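Colleague: Positions annotated as DNA-binding region by Swiss-Prot, on the basis of sequence analysis: 39-58. The domain 'HTH rpiR-type' annotation in Swiss-Prot covers 3-79 and rests on sequence analysis. If you look up Swiss-Prot, you'll see 123-264 marked as domain 'SIS'.
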Amino acid sequence: MATGGLAIIQSMKHKLPPSERKLADYILAHPHKAIESTVNEISALANSSDAAVIRLCKSLGLKGFQDLKMRVAGDLAKPTFQGYRDIVPHEPLPSISEKTAGNAIQAIQDTSDLMDYKELERAVSLLLKAHTVHFIGLGASGIVAKDAQQKWLRIHKQATAFTDTHLVASLIANADKDDIVFAISFSGETQEIVELFAMAKEKGITTISLTQFSQTSVSALADVPLYTAHSNEALIRSAATSSRLAQLFIIDVLFLGMAAEQYETTTGYIDKTRAAIQSMRIK
């Protein structure tokens, strides 16, 4: 059963025009009524219009209202989570731990729900063929880029991950046509990342992006755009906790997808690197 309707709406809501946002808010608040309604009925319930319903489905990248209803129905058939929750002043650690675990589960589940597996398969195929993958990201996304680099190196795949934008520009300037530039940016609007990505496109280098689920400046430049769910990180937004976990989840899916395609070779490399690391431990 198709899922991800609620996650897609939540991810895109902040970029919708007012008439469509009103409908989105109604569907999020009353999902059971939404799946039982026709276009005319849902527009009346939300004090909107039939045309706005059609525009909303188009903005969400869906085939139509029936597609949206099927995805929302799939969401409602799954076990429910508590959603994203923020901490409060002087909150005890057990409560913080519970909320953090819940937010992590929600971010990964929402991201899984809106995955485009055809695009993921394209990404895996391109990454397997690439000579070198240049992961680029700033701030918390830079940490994810570093994680991706170490995973690639462990299976004998050439990869870089630098947060110095001048150094990245130099790498792109000298990159080969069979390299890939993989940009990681939750907002998809970080100026330096957009400029570096545009530089890669001008050179004819294949580009893959990982951004929030939305049409962004970075995803618009990507040959293969990949997405995470738009998590509601309110007060503690600067920590980028849920979005970072969702990004790491996608990197893991790509890594394991590559490993599955070249299973014997990959396990051989992992065994070698594990042995090398273990040999350096104090006995």
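Keep in mind that glycine also has a Cβ here, set from the backbone N, Cα and C atoms.
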Colleague: Which residues of the chain, 6 or more past the ends of the DNA-binding region (39-58), have a CB below 8 A from one of its CBs?
Modeller: 16, 19-20, 22-27, 30, 33, 64-65, 67-68
Colleague: Do you know the DSSP helix, strand and coil residue counts for the domain 'HTH rpiR-type' (3-79)?
Modeller: 58 helix, 0 strand, 19 coil
Colleague: How many helix, strand and coil residues does the domain 'SIS' (123-264) contain under DSSP?
Modeller: 74 helix, 27 strand, 41 coil
